[in-house]
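Reviewing the structure listed below.
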Amino acid sequence: MTTSHMNGHVTEESDSEVKNVDLASPEEHQKHREMAVDCPGDLGTRMMPIRRSAQLERIRQQQEDMRRRREEEGKKQELDLNSSMRLKKLAQIPPKTGIDNPMFDTEEGIVLESPHYAVKILEIEDLFSSLKHIQHTLVDSQSQEDISLLLQLVQNKDFQNAFKIHNAITVHMNKASPPFPLISNAQDLAQEVQTVLKPVHHKEGQELTALLNTPHIQALLLAHDKVAEQEMQLEPITDERVYESIGQYGGETVKIVRIEKARDIPLGATVRNEMDSVIISRIVKGGAAEKSGLLHEGDEVLEINGIEIRGKDVNEVFDLLSDMHGTLTFVLIPSQQIKPPPAKETVIHVKAHFDYDPSDDPYVPCRELGLSFQKGDILHVISQEDPNWWQAYREGDEDNQPLAGLVPGKSFQQQREAMKQTIEEDKEPEKSGKLWCAKKNKKKRKKVLYNANKNDDYDNEEILTYEEMSLYHQPANRKRPIILIGPQNCGQNELRQRLMNKEKDRFASAVPHTTRSRRDQEVAGRDYHFVSRQAFEADIAAGKFIEHGEFEKNLYGTSIDSVRQVINSGKICLLSLRTQSLKTLRNSDLKPYIIFIAPPSQERLRALLAKEGKNPKPEELREIIEKTREMEQNNGHYFDTAIVNSDLDKAYQELLRLINKLDTEPQWVPSTWLR
């Protein structure tokens, strides 16, 4: 596939550092846009023209109105003619009817031509009338002088002759080109249809079989295939023709490259326009160009199969290469850039922490190659040669995606997100107060029980892009702890308790620590680990607690060692934690599997809580939904998966399925866990 670049996204040429983002206008990016040609599926599209100005649109609309009036007058005259007695009698004769074939569907993109849809030609009288109309509309003296000058030009004989030539060329250029055959094996298809219809006993099927067996139809299909083979077969480019054509490029170093390209394999190269030249700007992994190793970035394309390329824009290159296959002969001027031999790149696997849609990104070099993904998707990055735009495949799409797609590089994405945040902060109006002083935020902070060491403010301001991942299969004797996260009243505590009650030999809870005194019938090490306040505070300072807090002047907390004890016993540790504890837990060596329990819709949540005898207010339900969005936005990068709890029994079965899958399938985990 040959595609095109938009070069406005960088201003520096160094590969060793992040390149600056050029926030140019869409029109500027349109000038540098690269075109994707020979793309799989519907990716390749022609570059859209820049919109006309409003004044030109108004003039065009006036011309359309005049043309429409003439058509209406013509139709009126036609109706007058149709009212004659002879035509009325002819109209009473029943028309010939055929058999309606509901299975027939015109090929997408084929337009049935009709004189009614012919290109409208602007006549000199229309132009003169439009100028007269504009002359009456515009009142300033400068415009009147301009219109008078144009009217004199329109009345000039030389201009009118040139205008007629223009119209004649327009009519010729808009003539439909002869259709290109879609296939050259119509006979084989007819035989296949007959095979399919053999067991069919319907009347229509038998009629179709008989029709396909008639000598006339078989002769027609044979003739079709012969003509199609001639049309679809590219004329071989001989060495003599190539050497003869490159003689015109005397004085320039020229190389000849031949690439075999199958019909179902895209070429996999991107091109851009530099003045009159067509330059290869990117080699895409997975295409015929990359596999051949013969095309390189910076090469100028002079000819393809004997057709001169210099002077063509990327749209014309798109049209030229869209149907080419077989042997492609390129005449190139090699790139003058001296690049070190490419090092063998290793594939890295990353988890995306943001959503990306290339159709909304004005800086993507080639929109047709942009790879869309959602937060949480796994991407297999196979090339980071361009630090700004990586080439990657999305997990699960490798077989259906012949070419690697373009995704923003990590540093590039961080840079433009930082720029976006700066712009948004600058736009925020300052809160005004008395005497031009800013008001203080008097909203009280609600106390929560969580580990406050290693302040989470950095997490909130960190720009999340990608996280490198590796596959990990948990050992049979060392199960990963299961962490349930979710807003209140969403069922995570109920799900945890049900697992504990139904499979006591498989699941266990970490024994918490406390500074309060032991009560009657409580067993140390089973109900709590009873420690002194001094020892508890020392463990807090040492970062040994996943989460902790104070209640009635006593400290409570869950330690990393308590979770590790459950893991070492061979059981699965079940925890229900607050989101503030996830950073400490994830930075430990416990390798947690974090499941987000999300609420259903507001109405469904109300019904579920009503079954439990709860009657929440509408604002309480809205608060739960809003809290869910907040948790997903701020902590979603920690979650391994999510369960929507619309039914507690179904949610329990899904939770059990996910836990069981950890024993049978490897899971993606941060690569730092395995180093």
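Every residue gets a Cβ built from N, Cα and C, even glycine.
Look at Swiss-Prot and you will find 1-34, 51-78 tagged as region 'Disordered'. Residues or ranges marked as phosphoserine in Swiss-Prot: Ser14, Ser25, Ser83, Ser84. Annotation comment: Swiss-Prot describes 120-177 as domain 'L27 1'. What Swiss-Prot lists as domain 'L27 2' is 179-235, and the listing cites sequence analysis. Residues or ranges marked as domain 'PDZ' by Swiss-Prot on the basis of sequence analysis: 256-336. According to Swiss-Prot, the feature domain 'SH3' maps to 345-417. Taken from Swiss-Prot, the feature domain 'Guanylate kinase-like' covers 479-660. The ATP binding site annotation in Swiss-Prot covers Gly486, Pro487, Gln488, Asn489, Cys490, Gly491, Gln492, Asn493 and rests on sequence analysis.
A Cβ within 8 Å of the Cβ centre of Gly486, Pro487, Gln488, Asn489, Cys490, Gly491, Gln492, Asn493, the residues given for ATP, is found for these other residues of the same chain: Ile597, Pro599, Asn645. Its own atom aside, the Cβ of Gly491 (ATP binding site) has 25 Cβ atoms within 10 angstroms in the protein chains shown. Between the binding-site residues Asn489, Gln492, Asn493, Gln492 has the most other Cβ atoms inside 10 Å of its own Cβ, all protein chains included. Under 8 Å, Cβ to Cβ, and six or more positions away along its own chain, Cys490 (ATP binding site) finds Ile597, Ala598, Pro599, Ile624, Thr628, Asn645. When secondary structure is read from DSSP and collapsed to three states, Gln492 (ATP binding site) falls in the helix class. Just so you know, of the binding-site residues Gly486, Pro487, the Cβ with the fewest other Cβ atoms around it within 10 Å is the one at Pro487. The average pLDDT computed over the domain 'PDZ' (256-336) stands at 85. Under DSSP, the residues of the domain 'L27 2' (179-235) split into helix, strand and coil as follows: 40 helix, 0 strand, 17 coil.
The C-beta environment of Gln488 (ATP binding site), restricted to residues of the same chain at least 6 apart in sequence and closer than 8 Å, consists of Ile624, Lys627.
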